Amino acid sequence: MSWRRCILRWARDDIISIATRGNRFTLNTQQRCGFRKAAKETKTKKGVIEETGASHTEPSEGLIHKRGASPPVDPSVAYTPPRSFGRLVKPLVFTIGFTGCSFSTAAIWQYESLKSRVQSYFDEVRADWLDKLQPQKQGDLRKSVRPFIFFILSEGQRTVAGIIAANAVVFCCWRVPSLQRSMIKYFTSNPASKTLCFPMLLSTFSHYSFFHMAANMYVLWSFSSSIVSMLGREQFMAVYMSAGVISTMFSYVCKTASGRLGPSLGASGAIMTVLAAVCTKMPEAKLAIIFLPMYAFSAGNALKAILVMDTAGLVLGWRYFDHAAHLGGALFGVWYIMYGHELIWKNREPLVKVWHDLRTKGPSGGGNGGSGPQ
């Protein structure tokens, strides 16, 4: 009887021990399985996060590429600093310095042009009797063809031909894939970019859309004769180059104030200066739209409409055009005709005199006046 009780007790203890060990094993198995499942869920969550991030990035890139008039933005070039007017100090200094250098160079250019014309006149008079004695050489055909080609175009059209050619070259550069990063960095003006100064000038010659370039160059060609005959070739180039930088600076300020940062490019700001200058100088001139030539209007009314439209676009936040650059260019054109010509161009005489003294006292001018015009 006692043996039976011992056997039953041992059997019961073994069953309890086995059951206990079985429960622990099951518990440990459940813990390991639960830990692994949690890891899978974490990985899944990471995958969901990664997929979600990609879904947010792709539409923005697609939206950028769908805008045909704007260049594709390279994410590695994009840079978004905190909005601060302190970043505009260098562009402001660049604008003032470049404008001063433009008008100084134009004044010296005009001096050299006049001097060259006077010297050429005396050279032609001196060589007249030689031309009568000697027959024209075969290589001098260029001298006969060149005046014929240039007489077809006005002085203003000959002046802007170089500007149009420069815009065409930059437009072709946009089509080279290996140049995309450099074009975005230097040929688009953006207050959120690391490079702020040089794009203010280079973006004036930059167009990504052919229609954009064709429209701007057509307007520039149409007003070239009027603006060059009114200002002269040298002064026009100074005004045009300065207008591109000044309109971009005005766009920088407005974009920073409103927080609507983004890239811009095109010659519209400088061309608006040309348009506004002609309309201010000749407000009664008749203008017409190329597609609607039957509707004519005065230049003064056209300028008022342009100023109102660009002001409304700037206030209401229209994003298709850079209305700030348009408005800045137009205001600069009006200001220059009313005040700038008197303040800047007519006060160039001291600079020209200094340049004349340097030229006449140089190695070729002798020590006492030289051969320069007095």
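Each position is counted from 1, following the chain as shown.
Cβ atoms are placed via backbone N, Cα and C, with glycine included.
Small disclaimer: the values here were computed from a predicted structure and weren't measured.
Sequence annotations record features per position, and here TrEMBL assigns domain 'Peptidase S54 rhomboid' to 200-340. TrEMBL lists 92-111, 148-174, 195-215, 235-253, 289-308, 320-338 with the feature transmembrane segment.
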**Message:** Quick test of the contact rule: Cβ under 8 Å, at least six residues beyond the ends. What residues does that give for the transmembrane segment (320-338)?
**Reply:** 69, 239, 242-243, 246-251, 253-255, 264, 266, 268-277, 280-281, 303, 306-307, 309-311, 313-314, 344
**Prompt:** Mind checking which residues reach the transmembrane segment (195-215)? Cβ under 8 Å, same chain, six or more beyond either end.
**Reply:** 68-71, 87-88, 90-91, 94-95, 98, 163, 166-168, 170-171, 174, 183, 185-189, 241, 244-245, 248-249, 252, 264-267, 269-270
**Arithmetic mean of per-residue pLDDT over the domain 'Peptidase S54 rhomboid' (200-340)** = 90
**Asked** Counting only residues 6+ away from its ends, which parts of the chain sit with a Cβ under 8 Å from the transmembrane segment (289-308)?
**Response** 218, 272, 275-276, 278-280, 282-283, 326-327, 330-331, 334
**Item:** Secondary structure content, the domain 'Peptidase S54 rhomboid' (200-340) (per DSSP, counts of residues)
**Value:** 104 helix, 12 strand, 25 coil
